[in-house]
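For Lys206, the entry in Swiss-Prot reads N6-(retinylidene)lysine. Per Swiss-Prot, the feature topological domain 'Cytoplasmic' maps to 26-33, 150-153. Under the heading topological domain 'Extracellular', Swiss-Prot lists 56-69, 118-121, 183-190. Look at Swiss-Prot and you will find 4-25, 34-55, 70-91, 95-117, 122-149, 154-182, 191-236 tagged as transmembrane segment, backed by similarity to another entry.
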Amino acid sequence: MATITTWFTLGLLGELLGTAVLAYGYTLVPEETRKRYLLLIAIPGIAIVAYALMALGFGSIQSEGHAVYVVRYVDWLLTTPLNVWFLALLAGASREDTVKLVVLQALTIVFGFAGAVTPSPVSYALFAVGGALFGGVIYLLYRNIAVAAKSTLSDIEVSLYRTLRNFVVVLWLVYPVVWLLGAAGVGLMDVETATLVVVYLDVVTKVGFGVIALLAMIDLGSAGETAEEPTAVAGD
């Protein structure tokens, strides 16, 4: 358990550092984007609380002979919808598609948790439902939301949307693999290894997502200012 605590502590430090960087980045992005940028700060900010609790030994229950970290699922229930909400806002998606996207992502986590605390074979059925719901998330991100992005954004902004979308989708696809191989599934991956992998994924997906968006938003802001200068000169 000492090893697991170490991984949680490292995860906490990673989320703290990432939140600090993103909080500073708030002052660097264009004012018109700051409202949605707050979502990027909130994502690792919420994870700080979750990892602090897990590092201190709180937030887990025993189910079917293995530990289930309830706090981790609460973290995901709150943060992963924020990731897809940011993508929908960036793309200028409709309210209907945005709500569908956020709800489907939240339900994916709910069914993943339900599967983790339920004996097999029901656990696998619940896991499959969660997987199907996540398939709906992927469909919306690559279809409806992508169409909205292409119709409303500049080429550079569309590229940012695609980068962030592919980033989270690819990394999020690793989580169900860990679930299946870990204690909740077939048990081929020990708890320490599964914890290490999940901590790494959490820090990369939360902080990495935010940093990629931050750097792109700074560049877009600088490009906008540069484009305005010739106009101002011409007006003079």
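Using the three backbone atoms N, Cα and C, a Cβ is placed for every residue, glycine included.
Around the Cβ of the residue listed as 'N6-(retinylidene)lysine', 30 further Cβ atoms fall within 10 Å across all displayed protein chains. The list of residues near the topological domain 'Cytoplasmic' (150-153) in space but at least 6 beyond its ends in sequence, with Cβ under 8 angstroms from a Cβ of it, reads 90-92, 161. Contact between the transmembrane segment (95-117) and the transmembrane segment (34-55) is not supported: fewer than 3 Cβ pairs lie under 8 Å, counting only residues 6 or more apart in sequence. Cβ atoms under 8 Å from those of the topological domain 'Extracellular' (118-121) belong to residues 64 of the same chain, restricted to positions at least 6 beyond its ends. Under 8 Å from some Cβ of the topological domain 'Extracellular' (183-190) lie the Cβ atoms of residues 64-68, 115-116, 123-124, 127, 197, all in the same chain and six or more residues away from its ends. In terms of DSSP secondary structure, the topological domain 'Extracellular' (183-190) contains 0 helix, 0 strand, 8 coil. The DSSP breakdown of the topological domain 'Extracellular' (56-69) into helical (H, G, I), extended (E, B) and coil residues amounts to 0 helix, 8 strand, 6 coil. Confidence over the topological domain 'Cytoplasmic' (26-33), given as mean pLDDT on the 0 to 100 scale, stands at 95. For the topological domain 'Cytoplasmic' (26-33), the list of distant contacts is 41, 214, 217-218, 220-221, 224: same-chain residues at least six beyond its ends, Cβ to Cβ under 8 Å.
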